[in-house]
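Reviewing the structure listed below.
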Amino acid sequence: LPLLLKATLLHLASGSHHPFYNGFYYNHIMNDNDNGQDKVDYFNGAKLVVETSKDPVYSYNGANVTLPCHYRYEPDTGAKRKIRIKWSKLRDDYTKEQDVVVAIGKTYMAFGDFKGRAHIHRASRHEASLVISDVRLKDDGKYRCEVIDGLEDESDVVDLRLQGIVFPYQPPRGQYRLNFHEAEQVCQDQGAILASFNQLFQAWSEGLDWCNAGWLADGTVQYPIRLPRKPCGGVHLAPGIRSYGPRHRHLHRFDAFCFSSALKGEVFYLDHLDGMTLEEAKQSCQDAGAEIARVGHLYSAWKFLGLDRCDAGWLADGSVRYPIATPRANCGPAEPGVRSFGFPRKGRFGVFCYKER
């Protein structure tokens, strides 16, 4: 059948009959040099071009974002045609696509987690932009805008990046206790997701230095090193991301690198004169119309809202931490960061609460 189709198209293009017509004349152009290159298909006098943003589009958790996409014909014939638009989300290795939206004319359908959140924006004649409402952490990634007009099918890719923060996470049980699926769950429990390699690399470029290996979203295990040292790959290796490569998702155990974005609400601190137990801390947040904050909430508030508190407080996972934006005496190391007291079984502290706006 493919050979018959090619022969028919060649016959129609070169014979006395009219070429195949669906609004444009179609020619099948052979490579005259016979140098082994592929054949190139053109519409006679009109080439379809699809363009998206060459720069990444930045957004954050809970926001609305538009991924621009426009198409045109060279030269522009001015004809109005009912084309098909398809948006897909790509994996980092481009091996798999997740359908987002398909549209023909004014009719469109969104798929999966994008139902009710995604639609095509067509303010101008040749616009095919994608609008995503209530952006979620896992929306971060590459998207393909594909325009189909009869036999013409062109596409381009745009990168959506969420403004966020990567933080290493160990559970109360200690170092290297999580398989891949448990790492996914603990990040989710902390209001975050497993970080991608690109997110870890961005965090490394901003100063993250962590010697413990952790899971990433693609099933690899890596860790970021700014200051080479003997326990972290050796002093002779250059700074960078150290990689263990893909690991067995059930059998192998490491820590996790989690990714959290800007908050929809606020983090605030509560305390009693004599401090609180963990259960008392949870109740205090509920009494204030909030919930006890998760680790991801605290990191995001420190990163994006400049939360600075030299008082230790409980978090939902049973850890005790405090965020320092401006280092000072008696508040830990000389650089900004979220300090941790670990997971104390006893003790009375304040509490960090989270309340959505």
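Count begins at 1; order follows the chain as displayed.
In case you wondered, yes, glycine gets a Cβ from its N, Cα and C as well.
Caution: TrEMBL annotation is automatic and unverified by curators.
What TrEMBL says about this protein:
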type     : residues      : note
DISULFID : Cys211-Cys232 : disulfide bond
DISULFID : Cys310-Cys331 : disulfide bond
DOMAIN   : 46-158        : domain 'Ig-like'
DOMAIN   : 165-260       : domain 'Link'
DOMAIN   : 266-355       : domain 'Link'
SIGNAL   : 1-15          : signal peptide
Please work out which residue of Cys211, Cys232 has the most C-beta neighbours within 10 angstroms of its C-beta, and give that one of the disulfide-bonded residues. Cys232
In sequence order, which same-chain residues at least six apart have a C-beta under 8 angstroms from Cys310 (disulfide bond)? Tyr322, Ile324, Arg328, Asn330, Cys331
One finds that other Cβ atoms within 10 Å of the Cβ of Cys331 (disulfide bond) number exactly 15
With DSSP helix as H/G/I and strand as E/B, how many residues of the domain 'Ig-like' (46-158) fall in helix, strand and coil? 6 helix, 63 strand, 44 coil
Could you give the number of helix, strand and coil residues in the domain 'Link' (165-260) as assigned by DSSP? 22 helix, 30 strand, 44 coil
